[in-house]
Amino acid sequence: MSTPSRFKKDKEIIAEYESQVKEIRAQLVEQQKCLEQQTEMRVQLLQDLQDFFRKKAEIETEYSRNLEKLAERFMAKTRSTKDHQQFKKDQNLLSPVNCWYLLLNQVRRESKDHATLSDIYLNNVIMRFMQISEDSTRMFKKSKEIAFQLHEDLMKVLNELYTVMKTYHMYHSESISAESKLKEAEKQEEKQIGRSGDPVFHIRLEERHQRRSSVKKIEKMKEKRQAKYSENKLKSIKARNEYLLTLEATNASVFKYYIHDLSDLIDCCDLGYHASLNRALRTYLSAEYNLETSRHEGLDIIENAVDNLEPRSDKQRFMEMYPAAFCPPMKFEFQSHMGDEVCQVSAQQPVQAELMLRNQQLQSRLATLKIESEEVKKTTEATLQTIQDMVTIEDYDVSECFQHSRSTESVKSTVSETYLSKPSIAKRRANQQETEQFYFMKLREFLEGSNLITKLQAKHDLLQRTLGEGHRAEYMTTSRGRRNSHARHQDSGQVIPLIVESCIRFINLYGLQHQGIFRVSGSQVEVNDIKNSFERGENPLSDEQSNHDINSVAGVLKLYFRGLENPLFPKERFTDLISCIRIDNLYERALHIRKLLLTLPRSVLIVMRYLFAFLNHLSQYSDENMMDPYNLAICFGPTLMPVPEIQDQVSCQAHVNEIVKTIIIHHETIFPDAKELDGPVYEKCMAGGDYCDSPYSEHGTLEEVDQDAGTEPHTSEDECEPIEAIAKFDYVGRSARELSFKKGASLLLYHRASEDWWEGRHNGIDGLVPHQYIVVQDMDDTFSDTLSQKADSEASSGPVTEDKSSSKDMNSPTDRHSDSYLARQRKRGEPPPPGRRPGRTSDGHCPLHPPHALSNSSIDLGSPNLASHPRGLLQNRGLNNDSPERRRRPGHGSLTNISRHDSLKKIDSPPIRRSTSSGQYTGFNDHKPLDPETIAQDIEETMNTALNELRELERQSTVKHAPDVVLDTLEQVKNSPTPATSTESLSPLHNVALRGSEPQIRRSTSSSSETMSTFKPMVAPRMGVQLKPPALRPKPAVLPKTNPTMGPAAPSQGPTDKSCTM
């Protein structure tokens, strides 16, 4: 009984699907018929226009009686058509048909003829209509080819859905069958067990053997059916997932075709038709206006209708005339099979890894396709604009023919010399057809690419929702630093308005990488709240814990400039600024704009300089935020430079956008600097309420650095004693450069290659060893905690001022990369995680720390002397914060304060010991040693603090469980939000979200007020508790070849280049 009902169920589902596909196929055929009918109507209309002007030219010398007969003839002809009756009933005429009717009405008013007018009709207007008719037919044929291609693609998608649906039905049926067989085997096993419970002393020996063998057979059969059921169940889940993904992609493709592609196809059919018809009729109008001024009233009506020749409105009317053909169909719904209640993509454990891999592949593929599609789209739009320029050329004015009293022959020669010149026509037509061919080729490429993007995006979005990875945005808005206590006082009369400065500062801190900023609108309610707060004299953006939406803050900034009574660019300068477009050389154009803007008031010029410097900085992140100078100009052009009402809004807006784009790109050339114009200047590097200088600022040349710190001691690799380490977890190297080892293996470490890697040896092989997978034997008690606590010891020494370090101290595993490699890393680097920025120093530059060296003394818990070891020198060697890599990457100078190790540790776990750096003290920039008493006092305080923390650690270790690097971090993030005044690490999920799929260059700027990102020893776990491997595997560093005469690479507290680590 189950088999017939199952087949009946399958047939019903398939029949319903085939019926829906059949309706779509019929709809596609009907659409093609409608387009063909539209083209035939246009050709017939153009033929009528040709006949009309030909007849009108023949009887132009007759009296008004003959003209009236002509008008009546064509009016009767149009009234007899079926389409005319429909148009008359609906009162919804297409703009070309409306022009045709008004033209016939105008003919009734004509009462006079002229030879010049007859010549213009025969040799100018009729030829235009012939060309329009040819163009319309050609456009329709090319559009028809694209339509057939789109129809085939759509049917392929529907067939694919049909195949996937049947596959899903088949696997689900097999799963149900396997389940029933498994249940049957279980019942047989239960029966056999029941029999085996009978007393065995009444059973003969032969029967006992038979029962045992039957029990074994039933058990084997049950195991086979259990395996078969599991296999079929997995296949059913995968088939259902594939069905749901294909279903989502199919619905997206169908929706895109009906909403976007159909509109584009109709535009292709209309390409140049209205514009060319506009030109032909304007030629007629020009002749009529010069022939007799008494006919102006009637001709004004026709001119108004010609001006209303609008392809968009005609397209809307045309689609409304045939709603059944152009209405999008209903979305395909998921058809559950045999009581299957799961209607979503399943992310269960057997398929979760596969779905995550597929999601990553889709994301990577989509990123590439979107870039390619955007480039093709720009090319298509530029080509379309070229075609529109060709078909909208204003060559319809024939007023020159009526300026003097001439004979018919002279008029004919004049006309033929202008528009009808054969070489001119041939060249123009050839250019137009060549451009049209290129346009259709690019349009086809764009439509095919966008179709693929639509399908992949639909699958990606569904997988993203299923896997629950859509929360990256909230991590990107975490606090990036604490507010400087010396924030500058701003009164109500400040040069830069408070609302402008606060919005720009907020975007600088939290929104430089925000995709679609200024283009995506924010919440209107939030925008009004922020605006009202500023109007009350408050600053709602001063609180760094505020969770305002970036799009809303950007909307407030645009709303402020839009609401100015006097625009930032005065209306009196609008014409002069627009005229700069004629200058092709961008640098000369910028100089011309500079001359015009220097005439503006000083206050306006300062605000302009501040705003456009910010927009230029924002455009440097166009790879992340998708807002290049052109897109920013589109958003700010209408706001900063509104087009006067007397100007053409459409044509002028493109020129306005080009002017604003030029100012954004060449703002440094256009606006005077701080020496020429005193006033606030936009700072790229902002922290809290204060700012520090741009990362481009120079702290001295490399030669100066060498001279100032040339006496820094070095330690070569030969002088280093190997360190012994024990593996905490199993590790398999991902390349020949990485070492593989088992848990508990002994390794020898030579020196630290980066924050995540060691150079070491295992089983006679040299290579890289990941720091998180090992326990360093003699480093846990000396230098690991020393590095992690160096900032605490530096904080007690007073403010840190600018200093220079030797170029020899800039030895980092990634410092000597080639420029081309760094350039590639900068291009594809993702936005770094937010971290604290250093406070501003007295001279206006970001503070720069000198390297720290350890003295050659020993240390124990009872002595204030400091430890000394060659490895200490290697680990304490600094890196110049103002390295060329850092200067080349603006806005990222302070973002490496959060390291991988910090993100994997408990926030509240105290360090084992504090240690201070001896030798060159970080509190001074003149390389002078401290007073011995001061050093002794500082060391004593540090050691007392370390002892107290050791006692506290011992107390906590008896209560708390061993830390789990994943669960503990997640629990802290969930229960205790990160305060704005700390640089505690984010959760591992945050690191995953920030790092994405590409490595990035991470740098930091040392500060006396912030915690250093260094290597802290983890708390030893309790006995019996098994540690887990790190949540994230470090990406191997690409190490350059070291010079034997140079010291080995060492980690630094400066801006370590993390471009090669994960």
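Yeah, the Cβs are placed from backbone N, Cα and C, and that goes for glycine too.
In Swiss-Prot, the annotation coiled coil applies to 933-960, one of the ranges 37-64, 681-708, 709-736, 933-960. Non-local neighbours of the coiled coil (352-382) in the same chain are 241, 345, 439, 442-443, 445-446, 449-450, 452-453, 456-457, 459-460, 463-464, 466-467, 469, 997; each lies 6+ residues outside the stretch with a CB under 8 Å from one of its CB atoms. For Arg519 (site 'Arginine finger'), other Cβ atoms within 10 Å of its Cβ number 15. Note on the coiled coil (352-382): mean pLDDT across this stretch is 90.
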